[in-house]
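Right, one structure below, let's go through it.
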Amino acid sequence: MRGPGAAAQARTARGSSASGTALLTGLINLRSWHDVPPYFKTEPVRSQLHLERNRLVLTCMAEGSWPLEFKWIHNETELTRFSLEYRYLIPSLDRSHAGFYRCIVRNRVGALLQRKTEVQVAFMGSFEEGERAQSVSQGEGAVIPAPRIRSFPQPQVTWFRDGRKIPPSSRIAITLDNTLVILSTVAPDAGRYYVQAVNDKNGENKTSQPITLSVDNVGGPADPIAPTIIIPPRNTSVVSGTSEVTMECVANARPLIKLSITWRKDGAVVNSGLSDFNRRLTVIGPMVIDSGYYECEAVLRSSSVPSVSAGAYLHVLEPPQFMKEPERHITAEMEKVVDIPCQARGVPQPDMVWYKDAVPISPVKTPRYRVLVGGSLQINGLLPDDTGMFQCFARNPAGEVQTNTYLAVTSIAPNITAGPTDSTVIDGMSVILHCETSGAPRPAITWQKGERVLASGSVQLPRFTLLESGSLLISPAHISDAGAYTCMASNSRGIDEAAADLVVWARTRITSPPQDQSVIKGTKATMSCGVTHDTSVSVRYVWEKDGSVINAQPTPRVRLDPDGTLHIYQTWSGDIGTYTCRVTSVGGNDSRSAHLRVRQLPHAPENPAAVLSSSEKRAINLTWAKPFDGNSPLLRYILEVSENNAPWTVLLANIEPESTAVTVSGLIPARSYQFRLCAVNDVGKGQFSKETDRLSLPEEPPSAPPQNVIASGRTNQSIMIQWQPPPESHQNGILRGYIIRYCLAGLPVGYQFKNITNPDVTNLLLEDLIIWTNYEIEVAAYNGAGLGTFSHKVTEWTLQGVPTIAPPNVQAEAVNSTAIRFTWTAPSPQFINGINQGYKLLAWEPGQEEEVTVMTVRPNFQDSVHVGYITGLKKFTEYFTSVLCFTTPGDGPRSPPRLLRTHEDTPGAVGHLSFTDILDTSLKVSWREPQEKNGILTGYRISWEEYNRTNTRVTHYLPNVTLEYRVTGLTALTTYTIEVAGMTSKGQGQLSSSTISSGVPPELPGPPTNMAISNIGPRSVTLQFKPGYDGKTSISRWVIEAQIGAIGENEDWTMVHQVPNEPDARSLEVPGLNPYTFYRFRMRQVNIVGTSPPSQPSRKIQTLQAPPDIAPANVTLRTASETSLWLRWVPLPEWEYNGNPELVGYRVQYARTGSQGRPLTHVISDRLEREFTIEDLEEWTEYEVRVQALNGIGAGPWSQPVRGRTRESVPSCGPTNVSAFATTSSSILVRWLEVPDADRNGLILGYKVCRPKDSDSSLHFWTVEGNTSQSVQLTGLGKYVLYEIQVLAFTRIGDGVPSTPPILERTLDDVPGPPVGILFPEVRTTSVRLIWQSPAQPNGIILAYQITYRLNSTNSNTATVDVLNPSARQYTVTGLRPESVYVFRITAQTRKGWGEAAEALVVTTEKRARPQPTSRPAVQQEDVQARSVLLSWEPGSDGLSPVRYYTVQVRELPDSNWTVHSASVSHDATSYVVDRLKPFTSYQFRVKATNDIGDSEYSEESEAITTLQDVKGEGDTRVIFSPHPQPPPEERINGILLGFRVRYRELLYDRLRSFTVRTVNSPSATWTELTCECHSSLKATQCCVSLCIMGNIQMLCPADLSKHKRYEIRLSVYNAVGEGPTSTPQEVFVGEAVPTAPPQNVAIQSATATQLDVTWDPPPLETQNGDIQGYKIYYWEFQRRNETERLRTLFLPEGGVKLKNLTGYTTYMISVAAFNAAGDGPRSPPTRGRTQQAAPSAPSFIHFSELTTTSVNVSWGEPQYPNGIIEGYRLVYEPCTPVDGVSKIVTVDVKGGAPFWMKIKDLADGVTYNFRIRAKTFTYGPEVEANITTGPGEGAPGPPGEPFITRYGTALTIHWASGDPGRAPITRYVIEARPSDEGLWDILIKDIPKEVTSYTFNMEILKQGVSYDFRVIGVNDYGYGSPSPPSPSISGQSGAYFCPFYTYWFCIWNAGSDSEYEVDQNRQKTHSFVNHYISDPTYYNSWRRQQKGISRAQAYSYTESDSGEPEHANLNPGSQSQGQGSLFSLAPGSRAPIAGFSSFV
């Protein structure tokens, strides 16, 4: 710990030497930051306008060193003190907030005053004046000031007179201040004037009170009036830059028309800016030069009246602007003089005001401060306090501006005058470490902890705040803040620092405070007080109750734990209060409080009484006395009522707690009522009061009519009327029947009545009514008190009948060849028997009565004669005709038929026009009769003419029997048009024509050409074409064929359209296409000879999308469950999608049958989906469902609706209005009403009444068979037991939901049973004490106990009797005889009397002992049952203390533990029935005795006993209905399972439309049984489990079941004893099963490279199990099933499919499965097939390496999809731009599948080349291409020095000098060589180490007689560099023969000789390949030196990559080791240079 002097010791010494100054400066730079003065980032706007009640936030945007503090000022009044908040918030503006606002910002350096901003608040008040009046003399000017209104801004004012707006005019002026001036007033100006003011900022508007103006008639109306200026100009000031300023002058005179106004400025006339009849002068954009004196002069022209004038000054102001400003930072030394410049200008000249640190400077108070002329500030004799912020404000009326500077007074080093001291703080509290300083300039403060800066002028960490004084505020302090803190003060003169230590104690806190508690009286209350604190401090706990300290020592009920927890035991009302835990410690104090409440239940209300209300009908007054509230205020009373002895129900649940009386109204007459109450507080509900006496209300007639009266016509003479009884609450007694009255609607006839005396009948069929007549019907109920009200009238018609007579006066006549005209008159309305819906006109051919043409005609009620037509009939055909009238029920009789014939007409075209025997001058024409004769043929007309020469026509008429004719007299080799037509009496029929050339037999036509496609739509396109050769005859038909869907050379062509008899057609529309389908078309043309070849195919097109055309087929609906239906359909075939397959789906729509609500829909997006389960439906409900397909365009048609019913289920709620009434002490009568229809969910077969069992919570059921009985008497109940009763309904499926809420009813009380558990714990020789328990069956409330005792040897008359209170449980008797036996009897008493006594013996002796165990229990075999045994034993010695009871234990063998079966076996029993055992199970038993002393040992264990078999105890629900059925658990079989018994029956309710609900009194039906036995050799799990499989119930009994029927199935098991209960019924639908065999004979044929044709035979017929709906074809690539398996679904039962879009030359495995409506069958075994070869895909990549200036190594990857056997590759390369004007394209073929590289050497330096490579199978695939630029890349090495060569023997050494390494170090060198006679460079040596500059090699690798040049290339990471200059040439030595270098060219040329070579055809001839070749001596010489007989280079070669590893080593076995045609010879073991390759052909 550091003392106070530590600060002084820590201060840095301050020196004045130069070295000290330098050191000091370094310390400042290293350890401190200069404080930054505050400055404003932005200045506020000069003014801002806001609306009232808006929220306003003013922001002071300032920065500087921390901490920055802000203060706000309003109109020179401080609004806030300095704080860290830089914003000022006004939540809701009002007009008082308007004014000038500015902020002051400060930090340790100084303070600044912000420029003020004006806040304007827009508001509008009300007009301040009421109605007023003023007058004016006629001719004078009326000046009407606008009524005063407070508003900002000033409102826009509009003047009105008598409701009309007043616009300015020559007589009307509205001044700038909205004054209305009426000049030269006249009498009509009198009136009521008012203004409407609008505030354009907030939108408010107000209307003033009227101002009444009267005009006095003074003088003549024509008397002139001299000019007067009514509104003179006013002095005006405006700021320059304002948009405009207006001055006004309003004058009056008479006559006004002669008045003129002139304006002058400073005496000069002003002509611009005048408006409003010169009354206003506007100066646009006023400037200073516009200031001056403005004068207006009013003159009355043509008059001697003198003029008048008035004037005013206009002042134009300029805001201040600084001309000179101080610098932002000024430094000055002490005692010096400093001038701070500040000069400004403006109009008027601004005032200069100076501030220091936001405080005005007063030179009077501070004489050292002087403001100089011009505004600058001079400070004399500077002192340290002069340091700070100085502000200069320049102000004038046009505004203000400000500038500031920071003045730093230097020469005083910092000094910490009050440093920090060591401090201690509690965690979470605040602490301030002080650091006050002095110095000039003011020192900057930096606080550090260690090396971490916590706070300074530029650093501000959370929780650490640098205060204005320099002190450090830590708030809140944390444990981690403990440590040493240093305050460092620095300025330009030095540094001072001081330090102190901070200790932080963990704060003492109550972390687990006591919680408010509410406890029940007598229970324990615990108050916790968990504390966390510093380990170095101790804690003391003090508890207070209501301010008083609790002393826990003397109070045993109160305990205080060391951890502060307070325990209060046996709480009572005195413990209620507020408990406070106070914790004290040096680490802090804390306290927390909680409230304790002790409550109990309130008592029952007292003295309840009920009487009939005398003032209100149907009401009862109830009173009671307020009970004790249980020390907790009563919350309410609950009033319960029992109506007609029904169970108690809550009537009023919230009676105010202050009430002691209530009137119960709204009761029902003829019912009895009983009431009881209970009080409720926050503990709960208290006991109910005693019941009031039962009161009955008198009976009244029904007060409501029958409900839901509906009438419906059943026949044409009867109406069914139905109703429901009046609401029970309005029956007002027992109903006796109903009265129905009815009459003809609208007629003055009396009522007819029907009396129904049975109140259960709620319908009546009114018969013998009039056909098609409207009736009014009413229904009323009656009881013993009289007739109730009638229902509202319902009207209903008897049904219509059909007409009984035909229409009369029917006439029919044929009007033309296809139409018949009918006329008739209407039948008499009395015989129509309904609404005439119209007439049907009938026509049919004789003998074809079933094919009737019907035309419906609407009735015509205006005309007496009706007319109608039947059109579209056959021509010249006989018809019978008739007319009938029809109504909605049906058709009336037909009129008598009449026979007539349609008119004759011209015939149709003759058939099959043909030509034969064609000669030069004749030919024979043949034809057939017209198919449509349309009359009697009279002959034929034949004509011919030369083609297009009508003047040559020849016509002949032939008889009707002639069908051929020879045309003669023709001109040879001439084209003729020949026409033939049939004739009737109506004329010539349709022509059939053709062209033919005489002497030239017709030929087959040629194909059309130039086919084009347009107008592409969803279902049609238009084809344009040019007809082909016509075959020397006319074209009779156009045929259009198409490839559909799959387009390709091998795809099939199908005829899609043909057009006959259009020989001149040039375009055709092709209809009937499929939407969104690919098509390619071709055409044929047909003449009389035949059909032409097809045209060339068109381009491939795709039709547009359209909605689907068809609905899904085979829609079926099956029951899935109680709440779901299973919908299935056949999906649309692909060709019916009509759109994008990805967007094809289905929409399912479903609704309840007959429902009028909006149906529900569900969209399924999977186009292949064919089933859907509709969920969340209502049980036992019929639904109507339909399906439609949809795609991206729209939806198709709906399918036909199908209907299905959800499965029957259990009822979803219980019966209603359940009531229970105790009839005896052991019986209760239960009543109920039916389950609501919506919740029945099936046919109710009966009811079950359930209640908890007496001894446990399991349920007992009383079953009521049938659905007609709605009550049951529960018997055998416990006495005085409260039962919770519920009723449920059951269907054949099972039990429904019990009724709610449960009904509580208690059986009546009775005498009690005997007390139990009598023991004598204390026995002396003369006294005993006995204890007992209350009776197990108290049967009421125990009122008392009676004890009787006597000597066992005496009779009962000598017994002593004592009566005890009901709470007694022990009794002590003294004065007994020693060693005597006494008999004690105890009995209990209820209000019904004394009950059965319990008796016990006792011996008065002190020599008692425990009893001896009984004998070994025995069980006789005849006493063994399936679930119980009779156990017997012999008692042991009782130890002179009588045995009180026995305990029997049981153990299930083989390994269960002993369990107590009963511990209350009677003391005098020697046998006991052990029940609740399991059938067919082994057990052992043992017994022990108990007396007053204790228990005996257990007896020996009995022998093992096995219970008998029994039937199964509960129904099995799992066996039949699972794909893998399981039998019941073995423990439920209750014996040896012998088999299963299956019961099944057909469910007739599947016929949904005829289903009716029947009343079932004894539900039974005929069940068919099927029994399956299990053999002893099988386990239970193997027995009979395959009898029934879901969906294939015919496996059960094929002969008995029918397909497509619904069956109900129940299952039971049986053993040797009998059959167990049946399972819950389940439904199955028979007749649907999946195919059980796969398709047969699957065969695959390879069609193309992408198509396989698959065929198969269907599964055997006996395995199809229904109609095959389609097939699923699974196919996948061989050995890649998981990755490539696909599915093709064929929704047609066809035997083949074409699998397309496959991968070429790939083996596929194909498996086929059939499916039907039930699902998919098994797949066929996979069959193998392979597609044909196809073009390969592009090579996978191109890679370039070893790039030099003239060569590159090209490599590529295999195609990803070879699609066959790769035969080779084709490499093409060419420069991207011509080289020397020539573009050379080189093509090279590489045979075989490898190698995948090639060395290219004939490249030009610096040229970009394009390389393209493609692979070949039987044809070439697509290319892959890439570009590469030769030459060294950027960063590659420069050229080495010119090499020189030395020779020693056969060794050559090449020397060179290193060159520029480039951007990376040289990694290696390579040496290139070439023949000296202009050969190509090739790499000779590679991978020469980078360190060497010479290399030696053997000359043997060179060719004999060839001179070589050498050059060196450096290589780095950027690639091959520039080559060195060539070396001098050197000749290779003579020796063995090697292939000369130039032969390499020939090898390469041969290698490419099979290739294709391309020359760019677009180049000029001068750049052709030939010219280029001849002009280039390099190529010429290379070609010239070829040697014959040299073999072709091998396709495989060897190279190394840059890494030195082999890339490919696929050597041809016939190749030489160094490669045929290589450049150099290789020494054994040397590396091979990369092989070169080039070609130019």
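Positions of Cβ are set from backbone N, Cα and C atoms, glycine also.
Curation plays no part in TrEMBL annotations; they are all automatic predictions.
Here TrEMBL flags 38-120 (among others) as domain 'Ig-like'. The DSSP breakdown of the domain 'Ig-like' (38-120), given as helix, strand and coil counts, is 3 helix, 41 strand, 39 coil.
What TrEMBL records for 153-212 (among others) is domain 'Ig-like'. Across the domain 'Ig-like' (153-212), the DSSP tally of helix, strand and coil residues reads 3 helix, 27 strand, 30 coil.
Sequence annotations record features per position, and here TrEMBL assigns domain 'Ig-like' to 227-309 (among others).
Taken from TrEMBL, the feature domain 'Ig-like' applies to 320-410 (among others).
The average pLDDT for the domain 'Ig-like' (508-599) in the predicted structure is 87. Taken from TrEMBL, the feature domain 'Ig-like' covers 508-599 (among others).
The domain 'Fibronectin type-III' feature in TrEMBL is assigned to 806-905 (among others).
Taken from TrEMBL, the feature domain 'Fibronectin type-III' applies to 909-1003 (among others).
Under the heading domain 'Fibronectin type-III', TrEMBL lists 1007-1106 (among others).
The domain 'Fibronectin type-III' annotation in TrEMBL covers 1111-1209 (among others).
According to TrEMBL, the domain 'Fibronectin type-III' annotation covers 1214-1310 (among others).
Counted with DSSP, the domain 'Fibronectin type-III' (1314-1408) comes out as 3 helix, 49 strand, 43 coil. Residues annotated as domain 'Fibronectin type-III' in TrEMBL: 1314-1408 (among others).
Across the range of the domain 'Fibronectin type-III' (1413-1510), the DSSP-based residue counts are 3 helix, 38 strand, 57 coil. Annotation source TrEMBL lists domain 'Fibronectin type-III' at 1413-1510 (among others).
What TrEMBL lists as region 'Disordered' is 1994-2023.
With a cut-off of 8 Å on Cβ pairs spaced 6 or more residues apart, the domain 'Ig-like' (38-120) and the domain 'Fibronectin type-III' (1111-1209) reach fewer than 3 such pairs and are scored as not touching. Each residue in the domain 'Fibronectin type-III' (1007-1106) gets a DSSP state, and the totals come to 0 helix, 44 strand, 56 coil.
For the domain 'Fibronectin type-III' (1111-1209), residue counts in helix, strand and coil come to 6 helix, 47 strand, 46 coil, using DSSP.
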